[in-house]
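**Student:** Positions annotated as transmembrane segment by TrEMBL: B:34-51, B:58-76, B:88-106, B:118-134, B:154-176, B:188-204, B:242-267, B:299-321, B:333-363.
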Amino acid sequence: MNELIFFFNNVIVSGAVLGCVYALGAVGITLIFGILRFAHFAHGDMMTMGGFITFVLAGLVTAAGIAFPLPTGFVVLPVAMVLAALIALGLDKAFYAPLRLRGAKPVTLLIASIGVTLMIQGLIRLIFGTGTYTFFAEEPKRLIRIDTEWLGATRPIAMTEPHVLLFIVTLVSVVALHYFLTRSRLGKAMRAMADNPDLAQVSGINTQLVVRVTWLIAGSLACAAGTMLALDVTLKPDLAFNIVLPIFAAAIVGGLGHAYGAIAGGFLLGFAETLSVFNWTVLLRPISGIFPEWVSLPGNLSIVPTEYKLSVAFVILVITLLVRPTGIFKGASS
Amino acid sequence: MKRSLLLFAGLFVLVILVGLATGAPFTSRLLVEAAAYALIALGLNIQWGYGGLFNFGILGFIMVGGFATMFVSYPVNAAFWGSDGPMMLGRALLAFGAGALLVIGARRLDRFGITGKLRTTAIVLAWIFAYILYRSQIDPAAAYIESTAGFVGGLGLHPVLGWAFGGVLAAGVAYIIGKICLGLRTDYLAIATIGIAEIIRALIKNMEWLTRGTLTVTPIPWPTPLPQQLQTMGFDPSSSFVWARLGFFALVLIVLVLVLVLLHRAYGGPWGRMMRAIRDNHIAAGSMGKDVTGRQLEIFVLGSVLMGIGGAMLVSFTQILDPNSYQPINHTFLVWVMLIVGGAGNNLGAVFGAVLIWIVWVMSDSVSQGLFTIVSNWTEAIGWGAIPDITTRSVQMRVFVLGLVITIALRYAPRGLLPEVIRRER
């Protein structure tokens, strides 16, 4: 039983954590792709920026001497999300809107988004240096233990507080997004525009407004994802730069332009990464008695070595592109 | 023509100014690296400017080239060749071949009437079996080599052969990537190539039996006399560096000019015309009987060869293969900025952009350090205190400058400083 608990703590929880972060990021990327038809590379650095905005706000609140029962970074998250959404809107106004107005090709916008990536990253490093920061310098990172004696195990199921909060944030965002897209007038307009922008415009949908709302949603979700990631690990300038590619992979695997696909793709990749580097010997050892004599369990039985963990996402991406280029759910085609 | 003459004259003056400000040894180093980057930018220009292919995996090809030149030119490792390592590697290679045959065989099952789900299952099983077979042979071999001989070592051949091998190896990798990815749409191609470049980076970083990984391989020999060799010939230390680097520069320049002339001829000829036709409207080109996918694969491989050679030159020059020094910002995005600023579709533009952006990239560090010091003195004077960690912060300035340059270029000069010249026959 202890082995199963170990499996739960090390694979299910960490896979779900990774999946949540990927899903939150991939939703933003996929929405932007659906509405604006370009791959927004700066999304990873918008996540990092969101993390730093929250960090600064949390620092201000702590300096003011206000303490909360929850992590301060989590409490100030809504404010940070609003700020990040406004910044996303500003970035669009300054860098993407002029290009769109000129009728530039999506590829040009993609390259512009790389320019924005570099600028955000450069600014973050200029202001904060290259060091790492933690949200838990002044307050403890609480551990949540669930006793499992009724299962016959001695180890508890253990999760940190940020993990639980991350699950809650993801659940709330996904449900809210679902209701927004299916019930509200604006959400329906967004889906219509993702489907066919010209038809949406002729039927009287305010496309400018839809674009603005897309940036607001994407910016705030990026901020949430970045902050939750930073709460889980540490905050550093290249926090999300390294995971923007797996996030893209998640969006493509799920079908670009398809919000539910992005969530599914995010969890798929998150679990695939953790399962593939998990050492299966741990699970097999207690039942080693049922194997014949000549089978000896090797010390390490993971599918890929740990160093290649990030490559798993890309291998899945390449396979998806080869076998089913539209993604699990049919993505927007353009 | 007048515009390009003017711009190149300006660039020449800029190089002279940098030389006066920083001294000859630094400038000669800058020139060599700029020339290697110019070759890489030309490779991208073929792919993007001629063919309209969106390659974001430049980093991978540069790394492949760097590894190739290390492998060919590094001295022979006798400890490896004297051990059981070659035998074990041979067995791993056989396992690899057997696995590949198995997968190919499974894919061909439809010729024997096995199709549909049964064939798919067979292919998946073949992949799994091939993977297990290969892992079962390579893992002990890798562990053995790492523990006894360190790593495989090199072949001890001339570095120029290493550059050529860099081109060949990059061509092979590009062929496989092209086969997989070239049917994809632009944004998908971008992400797929980035993904594959990251896989290549992970491989080169972690295959310690082949590349020594993060332990780095050094010193990799030069094709031209090293400064130390010149010193034994009677040069004084300071000028020996300049002369040795100029020798290296001459070699790189020869390759660059040769490539430039050949590319220019190809661009003006029927081949270049066909490529532009495919780029501008691949449906029309296809209907005229051009083999669009085949030609795109051709151009992808050709461009990657230049990137491989450029990457090989960079490693030869710095004498060290350090997988950690390869970053997407320095090696993929930087080259894109060079091409966008210089002018996609124009070879001279690519070279111009490469040299200009490399100077901006290298110099923005010290310039921003100077700026920071001024601002810091000013804030100190008005009582806000000095800016801490000026040196580490100012290094980061160049990332911001790069981003600013690319967004400004896209907005105000989207076709580059030296736009593509479209000649119309009447």
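Each residue, glycine too, has its Cβ placed from N, Cα and C.
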**Student:** With an 8 Å cut-off on Cβ pairs and a sequence gap of 6 or more, do the transmembrane segment (B:333-363) and the transmembrane segment (B:34-51) reach 3 or more such pairs?
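**Tutor:** Taking Cβ pairs at least 6 residues apart, the transmembrane segment (B:34-51) and the transmembrane segment (B:333-363) are in contact, with 3 or more under 8 Å.
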**Student:** For the transmembrane segment (B:58-76), which partner among B:118-134, B:188-204, B:242-267 gives the most CB pairs under 8 Å?
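**Tutor:** Looking only at B:118-134, B:188-204, B:242-267, the most contacts with the transmembrane segment (B:58-76) come from B:188-204.
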**Student:** Between the transmembrane segment (B:118-134) and the transmembrane segment (B:299-321), do 3 or more CB pairs sit under 8 angstroms, pairs being 6 or more residues apart?
**Tutor:** no
**Student:** With Cβ distances under 8 Å as the criterion, find the stretch in B:88-106, B:118-134, B:242-267 that has the most pairs with the transmembrane segment (B:34-51).
**Tutor:** B:242-267
